[in-house]
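Read through the structure below, which is laid out as structure tokens, and then see the notes.
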Amino acid sequence: MNFANVKYKLSAMMFVQFFIWGSWYVTMGTYLGETLHFNGIQIGLAYGTVAIASMISPFIVGMIADRFFSANHVMAFLNIVGAGLLAWLSTIDDFSLFFPVLIIYSICYMPTTALCNSISFSNLKDPGNEFSRIRLLGSLGWIGACLLVSALKIEHLSSPFLIASFTSVLGAGIGLWLPTKTPAKQVAKVNIAQMLGFDAFKLTRQRSFTVLLVFSALTCMPLAFYDSFTNLFMNNTQINNAAAAMSMGQAVEICFLFTFPFFLRKLKFKGCIGTAIFVWIILYGLLAISAATGIKGLVYLALPLHGFCFTFFFVAGQLYVDKQAPENLRNSAQGLITFATYGAGKYIGTLIAGNVVNHHTSNGVYAWDVIWTVPCLFACLIFAGFMLLFKENEKETARAVSTINLESN
């Protein structure tokens, strides 16, 4: 196998898959609120479809890609079906149809993010050293999509869905272009509970794991306000090039991915996760103050903070879970933390956010200062609870830090 050639293919795969997501996800709130005039609850439910899919996708990957078909063929199939659904979504203006079609699309798309990882791991000689550089292309794909949508000035239109549809066809082609690997033959019987990752619940006997699991889910609830309504807030308050500006978060995320090992060594897991939650409080506070005072510069100050928080919170959490779980439960444990954060936490958060926005909207006028105060106060309570209750295992922290690859080349 020509590994250099494979790396180019994997990089293209990662770029395109996250370009697809970034094309429509960031600006959907603006399109639904400003153009289709969906209410806050409906916008929240629309963003909740990704959370629903995140709860189901581990099942799809585990039951199908790992056991019956090669991962790249599954990804190609999901992308081509997704392309058709995205094109259909661009024509729908009735929520009663838009919502179920978006659920089906999200169930098709979300497994591809996990498939990107598994395909990369199985085709790299040294995933520990090489994967971060491949994953970097995903962040660049997301940024590229946001910049394109802003440059074309189509944030209020259905066009981002069409861009994502076209790119999905390209993604399907890349999936077929990737090396095909036959699923490993199952040599031992695996019960349904193991397939679904339920055996990871054994880890909840560890107090630190349970506290992290609960507070990770709670933290993703106020985060749903940011994901679902920041773009709509910016466009509604006449802040130009909202999608491009929001990509500053991904740019900062890239920078902190390279420096994260240094901070983990200094702050430990509790410090990194706690700092992320605290900085999110500042972010929501800046948005609330900007909405109350009309100082738009505060929004540009807030947006980069999201990238910092994302890295410190999710990377630290996933790494801590990996080090706490025994080898035979690591995949299931990561599935459980994904279910708690991107799934249950985000879904409940979108419902809360949608209801808050709907309650504080009158005749198309949003009380953004009040809306952003809610996640700010919510995050304050989460921060206090986490810092009080989470006790990390110092030996596991030291071992985790020692395993991080510090090389950037």
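Glycine is no exception: its Cβ is also placed from the backbone N, Cα and C atoms.
Under the heading transmembrane segment, TrEMBL lists 12-32, 44-64, 71-89, 95-116, 136-154, 160-179, 209-226, 246-264, 271-292, 298-321, 333-353, 365-390.
Spatially, the transmembrane segment (271-292) is not adjacent to the transmembrane segment (136-154); fewer than three Cβ-Cβ distances between them are under 8 Å for residues at least 6 apart in sequence. By the Cβ criterion (under 8 Å, sequence separation of 6 or more), the transmembrane segment (209-226) is in contact with the transmembrane segment (298-321), since 3+ such pairs are found. Sequence-distant residue pairs (6 or more apart) of the transmembrane segment (246-264) and the transmembrane segment (160-179) include fewer than 3 whose Cβ atoms are under 8 Å, leaving the two stretches without contact. Taking every recorded stretch in 12-32, 95-116, 160-179, 298-321, 365-390 and counting its Cβ pairs under 8 Å to the transmembrane segment (136-154), the highest total belongs to 12-32.
By the Cβ criterion (distance under 8 Å, sequence gap of 6 or more), the transmembrane segment (12-32) is not counted as touching the transmembrane segment (298-321), fewer than 3 such pairs being found.
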